[in-house]
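Worksheet: one structure, shown below.
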Amino acid sequence: MHQQLQNIIETAFERRADITPANADTVTREAVNQAINLLDSGALRVAEKIDGQWVTHQWLKKAVLLSFRINDNQLIEGGETRFFDKVPMKFADYDEARFQREGVRVAPPASVRRGAYIARNTVLMPSYVNIGAYVDEGTMVDTWVTVGSCAQIGKNVHLSGGVGIGGVLEPLQANPTIIEDNCFIGARSEVVEGVVVEEGSVISMGVFISQSTRIYDRETGEIHYGRVPAGSVVVSGNLPSKDGSHSMYCAIIVKKVDAKTRGKVGINELLRSID
């Protein structure tokens with residue numbers, strides 16, 4: 001459906017080092033802007049689940065990267081201050097009717113860049129959502145949360161205060177970080193480098209997970225990398241070295257819960273009863 005658009009972007013990306021705001025041709029500029037608009041509206045997304053597997057559409061990520069090559073910095077008005085950046089703000093032209101129509105609540109001074117999709121019944125406290133991100137319905141993005149470029153946030157997710165969800169642009173990553181539906185990410189936790197937190201998982205406060213973080217399941221003894229299995233309750237911890245001379249940080253799966261249990265038991269209770 002978007003093959004021609006993809007072809008233009010793929011071709012332009014191969015010569016991206018030579019592209020500047022001054023010399024970007026009309027075809028490339030229009031293709032990139034169209035791709036960003038499709039991301040902004042949610043019509044397309046950088047990653048989606050197909051037949052149970054997450055698939056990254058690399059050409060859309062390339063469109064995001066190209067947008068930084070073709071656009072110059074410009075003055076951006078924002079409340080009582082001004083900004084100077086290449087990417088305009090998503091809500092710059094919204095009026096009350098459009099906010100009502102799209103069903104999004106935005107508390108000042110939450111910032112969302114154009115090219116990020118924010119679904120209905122989402123609440124944005126003072127937070128930051130970067131270009132290419134996808135935030136699905138019913139999600140709470142709490143105070144001082146950062147949702148990185150192209151990150152994928154599922155339905156009914158709670159991102160607690162100060163949570164960091166890593167992006168793909170800086171440093172450049174192959175795949176976006178993904179938080180699936182009905183997950184809870186505790187305050188000040190960080191999930192980065194394309195890690196996938198699968199559906200219904202609960203991450204405690206202050207847990208840091210990257211591709212190199214060992215995710216230890218204490219019930220089975222398994223160690224996972226880059227993926228938190230569905231329904232996991234995860235806390236921070238340590239694992240001893242082979243010679244016992246020291247221990248190193250890890251994330252520990254202390255239990256598994258299903259949707260029925262989550263529905264009956266509060267998040268705090270799940271995290272308190274881990275012994």
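Every residue gets a Cβ built from N, Cα and C, even glycine.
Here is what Swiss-Prot records for this protein:
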BINDING   Arg105, Asp142  substrate binding site
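Under a cutoff of 8 A between CB atoms, and with a sequence separation of 6+ in the same chain, the neighbours of Asp142 (substrate binding site) are Met125, Ser127, His158, Leu159, Ser160, Gly161, Gly162, Val163, Ala187. According to DSSP, Asp142 (substrate binding site) is assigned to coil rather than to any helix or strand.
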